[in-house]
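K.L.:
Take a look at what TrEMBL says about it:
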DOMAIN    B:25-472  domain 'Amidase'
ACT_SITE  B:Lys78  active site, charge relay system
ACT_SITE  B:Ser158  active site, charge relay system
ACT_SITE  B:Ser182  active site, acyl-ester intermediate
Amino acid sequence: MLALLWKSVPDLPASRKNGGKMEKYILEGATGSWEIVVGLEVHAQVISKSKLFSGAATAFGAEPNSQVSLIDAAMPGMLPVVNRECIRQAVRTGIAIGAVINRVSKFDRKNYFYADLPQGYQISQLYHPIVGEGSLLIDVDGEEREIGIERIHVEQDAGKLMHDQHPTKSYIDLNRAGIALMEIVSKPDIRSPAEAGAYLRKLRAILRYVGSCDGNMEEGSMRADVNVSVRKAGEPFGTRCEIKNVNSVRFVQAAIEYEARRQIEVIEDGGKIIQETRLFDHDKGETRSLRSKEDAHDYRYFPDPDLLPLELPESFIDECRESLPELPDAKRQRYITHLNLTPYTASVITADHETAAWFEAMLEYFKEPDAKIATAAANWLTSELFGALKKLGRDITDSPVSPKQGAELIALVADGTLSGSLAKQVFEIMLETGQNPADIAEERGLKQTSDTGAIEEVINKILADNQDKVEQYRSGKDKLFGFFVGQTMRAMAGKANPAVVNELLKKLLAA
Amino acid sequence: MTRLTDLGVTDLRDGIAKGDFSAREVAENFINATNEAEKLNAFITLTPDHALKQAEEADKARASGQLKALSGVPLGIKDLFCTNGYRTTAASKIIGNFVPPYESTITEKLFAAGAGMIGKLNLDQFAMGSSNETSAFGNVISPWRQKNDDAALTPGGSSGGSAAAVAAKIIPAATGTDTGGSIRQPASFTGITGLKPTYGRCSRFGVIAFASSLDQAGPMARSVKDCAALLEVMAGFDPKDSTSADVMVPNWEKLLSSDIRGKKIGIPKEYRVDGMAPEIESLWQRGIQMMKEAGAEIVDVTLPHTRHALAAYYIIAPAEASSNLARYDGVRYGERQTPEGSNLADMYSATRAAGFGDEVKRRIMIGTYVLSAGFYDAYYIKAQKIRALIARDFEAAFDKCDLLLTPATPTAAFALGQKQDDPIAMYLNDVFTVPASLAGLPAMTVPVGLNDQGLPLGLQLIGKPLDEQSVLNAGLALEERAGFTSQPEKWW
């Protein structure tokens, strides 16, 4: 019954095709079908109060150059000291993707000159990264696929150049210089723009669950380098091009599609793909060559002599493991098996740790939330609340309604105080006033009545006023039952408990 | 009568404590001596205000009975240590006017222990050189001269200013840094004592980096005892330097003893190199004899990879330097050259071309080359392997002995200009000092005698990791037996 109060969302989106088999992403060229091969290198800014090798703060949006230590500015004689918290975050992330945690890793210097790079080198981990192979599960059109992760290493971010502050000079803001990044490198396992999108969303969800990166692509705290190549089915990998610094899921998908088509065109016109670095121009929706392999920097990587190898004791790794919250895949499975949610609803709620947290906060207000309550709460959350938030242009973290209020609303429906339609009215008022649902129902008289005496009185009057219809019903015109329900509900201003109305009507019409 | 400037660190410290003289008198005497010694060009910047202020503090501390380990002892500080509010140049043009807003850990410790700073000492530019001829502030002239010859001699390098000033007795002692011999070789050339501690003993924080995996600060002084006293203050774990060793600092001075009976002194046969001056060979024999007389047992040992050490060093050190010196780019501080119409890359080139001296450029180019794609394995990786083999050689040798006794340099001090155009000949100066640097071992040079031309010669003692005490003790035994009291005749 409860499940019917709100229209539940369908199990799977309508786009699912081929009886559940995912359609292979194929690009048709003049010479036949092409498959694309994509690998992603995601740079995720580590959540930590201070930078990877200095004590300077990392807050976003601070006054330029207000968060720069002598180390970040590469003053003479300054030395890096690794920040344990950044290492902890990388290890936690590694464990979250089921990856090998390397007990010994090393820092290397990547040498190049640029005005936003004070040291003249970036401290990174080329030869011995902190996290080895792992993987994550993505879901595209209901089909699950595992995408391999090659490695995660930690490295320093660079500063920011500002070219728009002065007609002839460039300005430098070093606030970002030295902030810890995780570079999360996938294997070339991705085969479509949709998979790339699903991978990025899933990775972002995990990072946010773990709390190691806020995943905010607009603020640049997560950015992707996209490696794209094309091949005919069954052939070895083609030459790849790397599209640097793409900063939204949508742009990543568009860049892959454009780049794949460009490469097919080049090859089919008898040309060759040259390995190069490209940029995605999202205004024009195209990729452009930045530099070819021949002009590529020689980074002269070598082990940073200022830093000892990073050795992780087992106790540290255990501590990292124990600090992890329940992760989205496990949570989703628990929702399906223990709360009886549909796989789709479970996916929607667990896609984002804040939604899941909101959902679980709501359930905490029930002594023993059973599958019915959980389903009702889940459906209300994903349809009513999401709908309202979308209209308001807000997200769940600044919802005008609290989980406690949501739970109260669900409880009022569950105990028959509110009908579905009354609950909708109460919810509208909650959004406007922020009042608790019980108070709204009380003050505005929106409570459902299950008073059989009162309902019976109204029914008797309706039956008396509609003798002809009663006759017709009794002689077999069952469809008229709805008419009597409607009349009764209208007479009671929608507040009658529909179950009670049904029951009484059946009894009195049968009399 | 003994002049105050004849006294070293511990004598000054003890004299001030006893009230024989005031810290102010000490500071003034040394300040005057430095003022009179301009011809040596040992200093880049004089800081008498610092020495006098610290002296005043020391005299107050004595009055209130709160003297510290180095109260009233004025020192010279190699101009590679960043000093808060005092210009720090690395003897370069590129940061020739750089005034750090921070203090190196070593100078912080020395000043906190009551030491004063008389000035910032000249050196080879960015500590790259073995003759102090690469400084942008001119050559340091050794106070020593050959008999009947007025030719200017090198004090050695890179801590040439430190060595010359201590030898000329215009300062009681100095800080030095040693990457491949930069404390030991100049100490040996000028007849003073220099100690490079175990890598990690002294913090590198605030010391302008040359080659991070090799750079190590240490004392340069008039005696083994003074070195021990200074090192006690300089050494210690520093959380700001990840490579600093988190180990206790022993009371080296208190535990100093020339009783080395029963100690095994290893004599590595590979240190008998081609082209070594006969006077060095005979000096070495005299040193061995002195060790025997002191009751030590002499054992022959082998360090088979020694002959590759210099080559490995001249790959690893420039490789690290090429990266460490990338920060001097004209963007944030120091020299900046912006030729008409220049872009960022032009600015880099012009700034670095104008700001770095030839030897620094040479090493940046060597370092850049050996780290380049296609050469990295053949040079850098191979050099690191050799480095590991050299460390293993020492480990094996130390199974058979407690210490090694070797020559410090293949020759006595040479004339300025003599090797300037021959970098290989210059690099060969470091042949005896480089292996201990590559292995990170404590090593000390002690003056043992004069050659026929009247120039000082030293011997080197190399110890096990963190065993500075044995090095100091054997050094003291050598010092006592050698009785080296020669001084350069004052000509400046």
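Positions of Cβ are set from backbone N, Cα and C atoms, glycine also.
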K.L.:
Cα-Cα, whole number of Å: B:Ser182 (active site, acyl-ester intermediate) versus B:Ser158 (active site, charge relay system)?
P.N.:
5
K.L.:
Rounded to the nearest Å, what's the C-alpha distance separating B:Lys78 (active site, charge relay system) and B:Ser158 (active site, charge relay system)? Just drop the number here, would you?
P.N.:
10
K.L.:
Taking the Cβ of B:Ser158 (active site, charge relay system) as the reference point, list residues of the same chain whose Cβ is under 8 angstroms away and which are at least six residues distant in sequence.
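P.N.:
Within the chain, B:Ser158 (active site, charge relay system) has Cβ neighbours under 8 Å at B:Leu123, B:Asp124, B:Ala127, B:Met128, B:Gly129, B:Ser130, B:Asn132, B:Thr177, B:Thr179, B:Ser182, B:Pro186.
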K.L.:
Across the domain 'Amidase' (B:25-472), what is the average pLDDT of the model, as a whole number?
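P.N.:
It averages 97.
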K.L.:
Is it possible to get the count of other C-beta atoms within 10 angstroms of the C-beta of the residue listed as 'active site, acyl-ester intermediate'?
P.N.:
38
